[in-house]
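Below is one structure; the comments refer to it alone.
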Amino acid sequence: MNVQELNAILKDFCLTPALCGYESEMAYKIKGYFEKYTDDVRIDKVGNCIATFPGTDPEAPRIMVFGHTDQLGFIVRRIDDDGYIRVDRMGGIPEKVLPAKKLLVGKEDGSGWVPGTFGFKAHHITPASEKYKVNTIPELYIDIGAKSAEEVYAAGIQVGCPVVYAPAFRQLLNDRIAATSVDDRSGCVALVEVAERLSKTPHAATVFVVATVWEEFNLRGAMMANRTCNVDIGICIDGGADCTTPDTRGSANAKMGGGACLKTYTFHGRGTLNGTIVHRGLRDKFVECADRLGLPVQRTAGIGGLTDSAYLQLEGDGVAMLECGNAFRYTHSPNEVCDVKDIKAVGDIVGEMVCSLDKNFKLGRFEK
């Protein structure tokens, strides 16, 4: 697929709300894309969408290529008597971007979404002592225009309903876009590109292309998918932070527009003792495939990020793991910015990689 085709798919995905645990619309949407390339597509009990591409050699490793369909957001925790809605966060929400942001509140029966906005104290009555204060999420409230709790209930909203940033997608210069949920809809677009490649190219390995759930919640969706896929190799496609803006320069070397990122080391480092150290054989294969395609590779390493690969690698007697993705700006905000050419580069390299892995690949971490 060309960049324009990928851009159109990305727009379709970014405009689809899918909070953790409420990914059904996104799951069925990507299922429709996968079904263009294989007849073996299913959605498992927890919501993972699994497309299977059988290989030609039963002795070749079984591979899962995955990215997550879910997005971060909020859950309704209280409805005030005067119609304001209070929430708890779902995922790593940056509080300082929230006041006055547009939102959608999901109806309990799943029939639709109600528009709303986070409240914001009017500038003209904000005392100087509060001008630079960041409100915590428990202090924030959502306004849907209701005058009472009864009107909120009548709109179909109850405690426990999902809340997301209002979906948005804008075209910027140089094949770049600003949108909600680039994390990880960009990875989902790359999955579609990998699926297309697998449908056209003979490959020894059986490959499962999986659009997972729960990544922003508990990182366990890929792990659950593996209970039926039973793979030897996992390739996670999930983006990371660009570090070229005036306020991030020097933090790391990932550059939006610089091509695919190969994550050599990720570690959460904030209360969760988990992360992923890249399998050296997969690292070398990724670079080899990129070189063959004439594409650059950006190696990254850092503390603060975590993907569902951290738990997939612990399945069975161990899963050889590689994480990759595109660098994008303003992560976890309502306006994430990415370069669609980077998404294509990731999809091209991973597609080349899964079509070239065979029974001769050494799965052991210390094997050469």
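Yeah, the Cβs are placed from backbone N, Cα and C, and that goes for glycine too.
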Per TrEMBL, E216, H332 bind Zn(2+) 2; matching candidate in D183, D247, D358: D183
In sequence order, the recorded positions (E215, E216, H332) whose C-alpha falls within 10 A of H68 (Zn(2+) 1 binding site): E215, E216
Nearest recorded site to D183 (Zn(2+) 1 binding site) by CA-CA distance, among recorded positions E215, E216, H332: H332
For D183 (Zn(2+) 1 binding site), the three-state class that DSSP assigns: helix
Structural state of D238 (Zn(2+) 1 binding site), classified by DSSP into three states: coil
Other CB atoms within 10 A, centred on D183 (Zn(2+) 1 binding site): 27
Pairwise Cα distance for E215 (active site, proton acceptor)/H332 (Zn(2+) 2 binding site) [Å, integer]: 13
H68 (Zn(2+) 1 binding site) CB neighbourhood, other CB atoms within 10 A: 31
